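Asker: Have a look at this one.
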Amino acid sequence: MAGCCSVLAAFLFEYDTPRIVLIRSRKVGLMNRAVQLLILAYVIGCHRACFTEVKMEPPPPWVFLWEKGYQEMDSVVSSVTTKAKGVTVTNTSKLGFRIWDVADYVIPAQEENSLFIMTNMIVTTNQTQGHCPETPEETNVCESDAKCVAGSTGTHSNGVQTGKCVPFNGTVKTCEVAGWCPVESDTLVPKPACLKAAENFTLLVKNNIWYPKFNFSKRNILPNITTTYLKSCIYDAVTDPFCPIFRLGKIVEDAGHSFQDMAVEGGIIGIQIRWDCNLDRATSLCLPKYSFRRLDTRDTDHNVSPGYNFRFAKYYSDPAGTEHRTLIKAYGIRFDIIVFGKAGKFDIIPTMINIGSGLALLGVTTVLCDVIVLYCMKKKYYYREKKYKYVEDYEQGIDSEMDR
Ligand SMILES: *[C@@H]1O[C@H](CO)[C@@H](O)[C@H](O)[C@H]1NC(C)=O
């Protein structure tokens with residue numbers, strides 16, 4: 001009972017306070033300030049500069065944080081439209097003299113954040129439903145009807161086998177199929193690409209962006225761009241970095257590839273538009289930054305199924321009512337427009353949070369200096385003596401007290 005009362009008494013009538021040890025030493029004092037300075041520098045300045053490779057626009061000198069910890073951030077919302085321009089001509093034995101314009105080579109006519117330009121093709125004209133020999137391949141070359149199974153199909157076949165073995169040309173016989181005849185022969189990709197002149201086609205990219213948190217919107221056709229400038233300019237990273245019209249050849253070149261090589265079997269190119277805006281500064285400084293990269297990886301030592309292609313057909317009927325089609329295996333370059341970026345604007349809440357966490361980080365100084373003073377310095381035993389008040393275990397304490 002008495003013990004209980006004394007605890008209560010201690011709780012009510014006693015006050016404890018931590019003791020602070022002041023070490024009067026130049027060495028320790030300077031060390032403490034140096035560590036504080038380092039941590040302060042980290043909090044204020046080089047957060048990002050010291051520890052990542054990401055190159056950002058240089059910070060304004062008065063900014064207490066490179067990270068812009070005083071700013072509210074928002075990511076971009078965007079919409080993109082594209083328009084290609086250019087005309088070329090081909091003269092082949094199969095198609096004759098032919099003009100190609102936008103409606104011919106942009107497939108489909110419009111897409112979201114993307115644009116496909118056909119650069120190469122295998123055209124199979126005038127197909128009708130009927131019976132004809134398969135293209136010669138290991139599985140369908142035959143000597144007699146015995147090898148051909150009526151009704152069978154393979155994943156690569158152009159139709160359903162009829163069970164007959166028929167001559168494909170003078171030397172080879174193949175299984176006959178029911179399908180769109182004559183079947184496509186896609187063994188050889190035209191090289192150079194049929195529409196190699198697509199290199200000089202241009203692409204206008206219109207991009208509107210919006211930062212919802214700050215209700216800030218802008219577009220990549222900047223206010224100072226005039227109609228006459230827009231009619232004649234071509235993007236160039238150095239001379240015309242804000243012209244929204246791109247030469248296809250230049251895009252692929254800037255991505256580090258050859259347009260003519262890529263045109264043969266197709267591929268995918270990313271047009272990246274980066275909007276990093278500091279809305280504490282003039283809005284005219286919020287500008288798009290274009291960069292380009294090839295998105296389909298192309299290893300020179302593993303060139304299996306390279307490029308990008310697909311098939312489509314155009315259907316028509318002759319006066320007799322028979323259905324015909326023109327089959328096109330299209331190779332080309334798909335341009336994906338990728339818009340990203342962040343905007344920041346001063347806000348009191350992130351500022352407070354960041355100042356708070358910065359101050360908390362300063363607490364690390366005490367821990368660090370304690371470790372050095374008490375464990376690493378020459379006079380560590382002396383300092384320990386001063387810092388700690390040594391107390392014996394209870395029973396031992398009683399014993400030694402009695403011994404006295
Ligand atoms: C593209 O245009 C340039 C200059 O006008 C010309 O020299 C080049 O031959 C053209 N490229 C193709 C593939 O036609």
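Along the chain as shown, the residues are counted starting at 1.
Placed from the backbone N, Cα and C atoms, the Cβ positions cover glycine too.
According to TrEMBL:
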BINDING   K83, A84, K85, T202, N309, F310, R311, K329  ATP binding site
DISULFID  C132-C181  disulfide bond
DISULFID  C142-C165  disulfide bond
DISULFID  C148-C175  disulfide bond
CARBOHYD  N200  N-linked glycosylation site
DISULFID  C233-C243  disulfide bond
DISULFID  C277-C286  disulfide bond
TRANSMEM  355-377  transmembrane segment
Asker: Where does C243 (disulfide bond) sit by DSSP, helix, strand or coil?
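Answerer: Coil, per DSSP.
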Asker: Measuring Cα to Cα, tell me the gap between C175 (disulfide bond) and K85 (ATP binding site) in whole angstrom.
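Answerer: Pair distance, Cα basis, whole Å: 45 Å.
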Asker: Which residues of the same chain, at least 6 past either end of the transmembrane segment (355-377), have a Cβ under 8 Å from a Cβ in it?
Answerer: 23, 27-28, 31-32, 35-36, 39-40, 42-44, 383-384, 387
Asker: With every protein chain in view, how many other Cβ atoms are within 10 Å of the Cβ of K85 (ATP binding site)?
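Answerer: I get 11 for this one.
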Asker: Which residues does C142 (disulfide bond) neighbour through Cβ under 8 Å, counting only same-chain ones at least six apart?
Answerer: C148, C165, K173, T174, C175
Asker: What is the number of other Cβ atoms found within 10 Å of the Cβ of K83 (ATP binding site)?
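Answerer: K83 (ATP binding site) is surrounded by 14 other Cβ atoms within 10 Å.
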Asker: Taking Cα atoms as reference points, rank the binding-site residues A84, K85, T202, F310, R311 by distance from C132 (disulfide bond) and give the first.
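Answerer: Ranked by Cα distance from C132 (disulfide bond), first place goes to R311.
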Asker: If you measure C181 (disulfide bond) to K85 (ATP binding site) at Cα, how many Å is it?
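Answerer: Taking the Cα atoms only, C181 (disulfide bond) lies 35 Å from K85 (ATP binding site).
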Asker: Taking only the Cα atoms, work out how far R311 (ATP binding site) lies from C243 (disulfide bond), in Å, as a whole number.
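Answerer: That comes out at 34 Å between the alpha carbons.
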